[in-house]
Amino acid sequence: MQPRTPLTLCVLLSQVLLVTSADDLECTPGFQRKVLHIHQPAEFIEDQPVLNLTFNDCKGNEKLHYEVSSPHFKVNSDGTLVALRNITAVGRTLFVHARTPHAEDMAELVIVGGKDIQGSLQDIFKFARTSPVPRQKRSIVVSPILIPENQRQPFPRDVGKVVDSDRPEGSKFRLTGKGVDQDPKGTFRINENTGSVSVTRTLDRETIATYQLYVETTDASGKTLEGPVPLEVIVIDQNDNRPIFREGPYIGHVMEGSPTGTTVMRMTAFDADDPATDNALLRYNIRQQTPDKPSPNMFYIDPEKGDIVTVVSPALLDRETLENPKYELIIEAQDMAGLDVGLTGTATATIVIDDKNDHSPKFTKKEFQATVEEGAVGVIVNLTVEDKDDPTTGAWRAAYTIINGNPGQSFEIHTNPQTNEGMLSVVKPLDYEISAFHTLLIKVENEDPLVPDVSYGPSSTATVHITVLDVNEGPVFYPDPMMVTKQENISVGSVLLTVNATDPDSLQHQTIRYSIYKDPAGWLSINPINGTVDTTAVLDRESPFVHNSVYTALFLAIDSGNPPATGTGTLLITLEDINDNAPVIYPTVAEVCDDARNLSVVILGASDKDLHPNTDPFKFEIHKQTVPDKVWKISKINNTHALVSLLQNLNKANYNLPIMVTDSGKPPMTNITDLRVQVCSCKNSKVDCNGAGALHLSLSLLLLFSLLSLLSGL
């Protein structure tokens, strides 16, 4: 294989489009010159020819169409390259794509003296024309294939060719990779004999921007002879995607009175086209402003950044003078750097003029009047204010303060959150007899502080005159409750105390009468004129109406007003205990086995309704007048309990044992209670008392039998 010159290699690497049949040597479709040079002028002038390009598809150039990599240039039908506007910098390289139904090709225009700029299509090529290409020991020569997206029928369409100068006779080309035998399968194919590469369908750069294919040569059996060699297919972007605003809704806020040039918000659109080209180079503008007052141009948008800023004087951003403190802007984003040929997308930006506290609240009048009955509490008057600020903010919400006339803290004022009114309330009942008139000084402020150049004036204070109305108040007992201590069982008719009630309405000189309101046991009476309370029955500390030795009664004091007013007083009578209750024993029934080894019968307890010292220690005894000493025994356990036991076993029967118990009062109280003892048959852990009733014996008979037994023993 002979070494190739650099020029030959450069030509092969730049070959990217259709090459006609090798038999057709008279006409080669494509540009006659693949690389052209242009000296960078001071400025490219609009509509001034730059150079002429020659393209021939060998079929008459029917429906010839040109595309230029820069939106600032175009190629006329005669092949003349012209600028669309005056421009100074276009980069180092331009690419011109020519296409007819029969052929297409790409020409490179090198700008001598040009500088790199963002967006040059040179970046999409994976090989550098200014760098030497490393020499490789292979005969397969491939160049990147450039295919514009969105091509139309007919398909398949030849897009490039692979050259193998040393390919053995009978060998074939084979193409593999993504888009051939990998998804999306069948997009590309190669003529196994000629090496022509074709595309079978429309490509979409936004779906797949590049395809990495591999070329190799095989023999007739499919065995690889050379390769695989990478073949890159680059999809050239077309401006087929509109800018889209994807982050809405767009809502911005700006404070009223903000200086000119205040940034409100940023609008950002997205374009799916190639960001390295002008197809995705966006420019922003405001298409419409609603409302259009006080100026149709309240805002400006930076065409490149999308920042929306204010452009009017601070005085025009006065929320209180605007018909509507909310503006809606239709924002348009246009690609192709804003040229008329660019695609557009729109979105709505809502801008709210926020309120600041530049208006102080003012009372609607300087003086307010209110009346309230003495003794009443609650709201007595609503104080109204005006404030021009936004009702949804702390710049409008009012805060009221009583700054004078409330030494006893009888009044409070709160803000009604719905109306912003000040609700003045009485929280401690007023007394007409003490003061019939009150004057309060009220101050109103906002929750938020005022701006520095605004202050609270005289209109931010108001005077409230309050008139207290006299009402007939009920008499008041003093003291309340009234307390007295008496011994229970005092004689009927005893005087307990004299109650006293006074009328708060001292200026009315009313008389007071007394009556009983509640006397649960019916023990008391009261003199209606002088309030003397005496007993009508015996007081009993042990009564169910007495709780913790205290008896409670209620009395009424009624004045002579029209209508009369009533006051209630409570009498608490503490009853001292006397020994008027005898103790009682428990239990009163017991069982014992007739053959019991343990002769204990029962443990007795005693209780007494009285209090110490009229209760325990109790004294337990067997009433000896009716019971023999040698049968029963009672023993003291403690102050409240005793043990009853047998001295010998008894026959199965029921026995009544009289128990006498005495308390410790002075004088003491005694009670005798029969203890019923059942002597039962106990066999095999079973207790049988059923037959005991049939042998019921009184203790007197038991005594008789005991005496006979003693006599017979003599």
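Each Cβ is built from the backbone N, Cα and C atoms, and glycine gets one as well.
As given in Swiss-Prot:
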- 158-172: compositional bias 'Basic and acidic residues' (COMPBIAS)
- 143-245: domain 'Cadherin 1' (DOMAIN)
- 478-585: domain 'Cadherin 4' (DOMAIN)
- ASN382: N-linked glycosylation site (CARBOHYD)
- ASN489: N-linked glycosylation site (CARBOHYD)
- ASN500: N-linked glycosylation site (CARBOHYD)
- ASN530: N-linked glycosylation site (CARBOHYD)
- ASN598: N-linked glycosylation site (CARBOHYD)
- ASN638: N-linked glycosylation site (CARBOHYD)
- ASN671: N-linked glycosylation site (CARBOHYD)
- 1-22: signal peptide (SIGNAL)
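Ranked by Cβ neighbours within 10 A across all protein chains shown, the glycosylation sites ASN489, ASN671 are led by ASN671. Annotation note: ASN598 (N-linked glycosylation site) sits in a coil segment as assigned by DSSP. Looking only at other Cβ atoms within 10 Å, the busiest spot among the glycosylation sites ASN382, ASN500, ASN530, ASN598, ASN638 turns out to be ASN500. When the glycosylation sites ASN382, ASN489, ASN598, ASN638, ASN671 are screened for a C-alpha within 10 angstroms of the C-alpha of ASN530 (N-linked glycosylation site), no residue qualifies.
Note: the domain 'Cadherin 4' (478-585) comprises 0 helix, 50 strand, 58 coil (DSSP; helix = H, G, I, strand = E, B). Summarised as a single figure, the pLDDT of the domain 'Cadherin 1' (143-245) averages 92. ASN500 (N-linked glycosylation site) sits 26 Å from ASN489 (N-linked glycosylation site), taking the CA atoms of both as reference points. Reduced to three states, the DSSP call for ASN638 (N-linked glycosylation site) is coil. For the pair formed by ASN598 (N-linked glycosylation site) and ASN671 (N-linked glycosylation site), distance between Cα atoms is given as 29 Å, rounded to the nearest Å. Per DSSP, the compositional bias 'Basic and acidic residues' (158-172) is made up of 0 helix, 7 strand, 8 coil. Closest to ASN489 (N-linked glycosylation site) by Cα-Cα distance, out of the glycosylation sites ASN382, ASN638, ASN671, is ASN671. ASN671 (N-linked glycosylation site) sits 19 Å from ASN638 (N-linked glycosylation site), taking the C-alpha atoms as the reference points. The domain 'Cadherin 1' (143-245): residue composition by secondary structure is 0 helix, 49 strand, 54 coil, according to DSSP.
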